[in-house]
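Now, the feature entries from TrEMBL:
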REPEAT    1-58  repeat 'Solcar'
REPEAT    71-172  repeat 'Solcar'
REPEAT    181-268  repeat 'Solcar'
TRANSMEM  34-52  transmembrane segment
TRANSMEM  72-94  transmembrane segment
Amino acid sequence: LQTRLQAGQGYRNTLSCVLTVYKNESVAGFFKGMSFPLASIAVYSSVVFGVFSNTQRLLSHFRHGDPARAPALADVALASIVAGFISVGIGTPVDLVKIRLQMQTQPYIEANIKPKPTVPGFPVYRGPIHCFRTVLQKEGIAGIYRGVGAMLLRDVPGYCLYFIPYTFFCSWINPDGCISPSPSSIWLAGGVAGAISWVTATPMDVVKSRLQADGVHLNKYKGTLDCILQSYRNEGLKVFFRGVTVNAVRGFPTSSAMFLGYELSLKAMKRDQNESNP
């Protein structure tokens, strides 16, 4: 729904998008492009959280001489920025394949732009591997990383507004300074942080989605700035908040589960380490 609302045509709102997708593509339409992200999400999440955690430990070691010390706000911010940069390298090709698969059957009506030979309404790619291979052959590495600038502008501040609110809310929920928050505290803090991050990242998420969808049937945008200007000129400021409701609703449960899994995994590994080193 997020991609269709941000880069598609003819949807008045979220409900209209849901009904249109179901009418034209049945339930299967809601799961298009899921296989590639599903196959890579474990690697992506482990790398992002691993980079964030290890950067915090490294900063605590160099600044305070104790890797286990609770990080300062500046350390959390810097670790978030590093995690955001690393995430873009992994996430851009995955997002591109997902968006191309989701948008390949979308009708496109645009004056004065000559479509590619492919016909809107008919599939261009047979699956994620075929999509990746086709983009790589026709557009090269630059095609695989199309939208990387917009994704950097989304993810670097986005991860700052992901990890910093999480740290703040965990401390707020546990005012006694407990360094091991309860599962319910983790769940709530992670969900709120995820909703905040996705809502504030929506404008650049719209730009990224449009850039990556561009190229299925048309080549409309020359780059990130051109996409921003064209989108604003044609649809006004409100275009940058398309899909914000879907992002907020999605951000809470996914981030809750992500942080809960992360914290419980850390606790389990620390417990095993303590048992093996009495």
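Including glycine, each Cβ sits where the backbone N, Cα and C put it.
What TrEMBL says about a protein is an automatic prediction, not a curated fact.
Averaged across the repeat 'Solcar' (71-172), the predicted model reaches a pLDDT of 82. The DSSP breakdown of the repeat 'Solcar' (1-58), given as helix, strand and coil counts, is 47 helix, 0 strand, 11 coil.
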